[in-house]
Every structure is written in C-alpha cells, then in structure tokens.
Amino acid sequence: MLIMGLNKTENNKHEDSDSTLKSKASGQTVFVREATGLVKSASLLDAFSLNISNMSIGALLGVMGLTLVYLPSMSGVNLVLASVLGFLIAIPQIVVYTMMSSRVPRTGGDYVWVTRSLGGFLGTSISFMGYTLETMAYMALIVLSAVFAIGSVGLALGQQGFFGLAVPSGIQGAQPYLQFGVGAAIFAALIALNIFKPKAGYKLVSALTAFGVTITLVAIGVLLHAGRAGVESYINSLGISGVTYSSLASSYKGPTFNFAATLSIMPLMAAFVYPWLNAAPAVGSEVKNTRALKMSIPLAALTSFALLTAAFGTLYYVGGLPFINQALSNQTLVFDYSFNFWTLAMGVAGNSALAALLGLGWIVWNIGILAYGIIVVSRYLFAGSFDRFLPEKLSYVSPKWSSPLVAHIVDLVITITLVGLAAVFYGGFSGLFGAIIASMIYFAFVGISAAIYATRKEKGAAKTILIVAGALNAAVFLFITYQFLSAPSVWGITPLSEAYVVGTFLAGAIIYTASKRIHTRKGLNIALAYKEIPPE
C-alpha cells in the first residue's frame, strides 16, 4: 500500500537530537523528567482495538435515531452512501495519522506534533479544547448512551421499568437522576480498573471490542434471516396507533439518493466514526513497536468502514430505504420504542435469549468506548503535564500500579460532572452532542500542523503527500464545522456545548500563559519544550 511505504526512515530521523534540552538558568530539564515512566505493553491488537473503539460504530447504530429525528426531512438521505462518503473524505486523515504516528510515536500522539508545529500557546490551547477536554464531554455523552442502551434493551425485552433509563430528560417518564447514578457507577468502575490494573485496561478494550464486533455481525445475520417479513411483523406487532410498516414505507416520497441531503448528515458520521484515528497514536510510546502503531490506523479505518456500511446496507435490504428513513424520523418509534439497528434486530430475533445477547452487544460497545477513552484522555493530560503546560501532578505515575493516577482522577471528576449537568439540565444525550464541534475544529488544525511539519522536516514524495493530505484534511473539517454551525438544532449546539467549547479554549490559553510565567520565575522557559520531541 502507498501509505505503508511512506515511512522509509527510522523513528527518530525527524526528532531533534536533544530531547532533554536544559534551561541554562536552572540546569533543570525542560520536561518534567527524562522518561515518562509508562510501560510498553500495548500490542497491535490493543492498538487496533483502541482505534476501533474510538470509531464508535456500535454507539452510532444505537443513537442515530436520536439525531436523525431532528432533521427537517430524511428525503434523499442514503445511509449506505453516507458511510461511503464519510470514509472517502476521511482518507486525508488516514494518511496524516499513518505518516505522523511513525514519525512522532509519543504519549499524547497528535498533541505532540500539533504543539510542535503551531507553537506552545496556540497548539496547547487548540489541543486542550479540541481533544483533551472535548473527549471528556464525548465520554459523558457515551456514558448517557450506555445508560440509554441499558434502558432500551430492558424495554425491548418487555421490562417497562427500564423506560426511565431509555429516554432523555424532557421526555415524560425520564429519570435523569437515576440515569446519572447508573452512568457514574459504570464510569467510576472503569476508572478504578485503569488505576489499579492499567495493563488490564488495554486487554479490556480488546475484549470488549472483539465482543462488540462479533455481536454486530450476529445482528446483521439475524436481520438477514428475518428478512422483510420479519421486520413487517415486528413493527405491526407493536400496536402503535397509526404506525405500521406499510404506513411508514408508503409515506416516504423522496428519492433513494440525493447528494446534498446525504452530505448534510456528515456531522453524524464525523461525530462518531471516520475521523477518530488518534487513539492508538495517543499511546504511541506504549505500543511495542512502531509498525504495529502505524498499521493499526488503516486497518481500523477499513474495518470500521466495512462493518458500518454492512450494517446500514442490511437495514435497507431487509426494511427498505423508504421504511428505514421514515422510521428513523418518527418520534414515536425513536423516543417511545428506541427504534434503531439494535432494537430492530432484537425485535426480529424470535427468542428472548438471542435478543438479550444482541442487547448485551449494544451495551458492551458503549462500555468499550468508555474503556478506550479513559486510557487516551489520561495520556493527553499526561503529555500536557510532561511539557509543563499542565500541573506536574498530572504526569505522576504511581510506582505501585504504573498508572497516571492523578490524570485518571481528574478525568473522573470532570466527566461525571458533565454527565450530571447533561442528564439533569440539558436533555441528556443531545445536550453534549454539540461539543463535538471542538474536535472538528481541532482536526482542521491537525491537518494544518501536518502540512507545516512536512514543509519543515520532509523531502521528496513524502513531503508532497503530507502537505496535500494535511491541506485536504483541514478543508474537510472546516466544512464539517460549518455544517454543525449551520444546523444548531439538529447537531445539539446548546448553551452547555457552546460554553464548554469556548470555555475550554480560553482555559487552555490562560493555563499556558500562567504556566509560562510561573516557570519563567523558576528559570525555566517552557516554550523550549515545543521545539523538542519529548522522551519516551
């Protein structure tokens, strides 16, 4: 493959020779210490699983109705072609991360080369907003998605007591405080595992991902076996007044594909799936070899593309595009019956044991996303601390457990706070969705940073490819940012998400400025750190 052949140099070719540059005034190293203290324990499977979990296929298949229901119309939207289009516009991102992860395989991944390309002030502010703290908001969203999955599975199995967990606050019958309690308990348990057994945290991601992918394939098989007759029978058996399979299918009047309509749902694809290739690079110094790190990126992208496209294609094959599009825009089905890929597969399964297994797969997908997120966010906090941008305590590694203890605790506090705010005051899931715009802005700067890096460090074909990929990447994500802003009611641009995005950028700028002043008084210029590649 072209991508695989781009990295003809050793890992350190583009690194400056002295990664422990010292301040002449103090004799201290610019970095917190001369080694991270983290252990190389992640395999190719672990790196691959981190990226698959990051690409959140199972969550998207479960919550797509909660977003698509707010579109003015599903006329002309084609989910299969949306998946294809989403993958195609993500190719520049795949190229950028594949090339850069082999050149800068360090803890923090893109944070390291974004800050080295853009400089300390802008680079840290953008990274802090666009990934470190945005991912905490995303994890809070996934916590609520997991709770929604638990409630929806309970409902699908005939347990009406789960209704309060299955619908967002603002819908009659919702129980936001219970949603918060269940979600907080799940997240706290995962944090505890990563503190006390960090190696087990990696293995858990791999195990959950493997289970989620397997059950997705089982769900596809169940739907194909049931066919159109099974879907029609299930929908009609719900006994919803005025809602039958035929009434929904016949009410669809649009074409099978309209480019503009399909392009309009790219924020949904971008929010959950195709751009999210930075999980494995974020633990670059912990992956056992650079080849495994590099290969995990295109492998995860291709696997996710195949799985998501197959799932959408199966929905259209067994239900028909007219029915599926109308069902996903029907508020009664979406809110009262949690209609989505998973619940449809459960509904046509034919027996409760198989339905329960499918429901478990949906729940496990969400927990797998949280498990990856906990690992990755702690590494971004760690990397910022290692550069002395964030407080040094965040790069503390427990000598007993070999885990970034303080970083995990900070992640726990912020994420659970966001879960509570969203669940109780801002309509649950949708209240946090708009915060994802921060990552779209960040990924545009990732592309710009890659192009800058190429002009400074690369030669020949690699230079041209990285500049072009970086520029295209920036253009793609600036367009998706525009899409978010042009339809705020659809993509969850709420006061909470707006305040979070603006506040986190300002917080990053203030923290960098304050840290630079504080360390200058101690004889350290932290700006020097952003001229160096940190040690492993």
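The backbone N, Cα and C atoms fix where each Cβ goes, glycine too.
For the ranges 111-131, 321-341, the feature annotated in TrEMBL as transmembrane segment maps to 111-131. Count of Cβ pairs under 8 Å against the transmembrane segment (177-196): among 111-131, 138-157, 259-277, 403-426, the largest is for 403-426. Take the transmembrane segment (111-131) and the stretches 78-99, 259-277, 432-453: counting Cβ pairs under 8 Å, 432-453 has the most.
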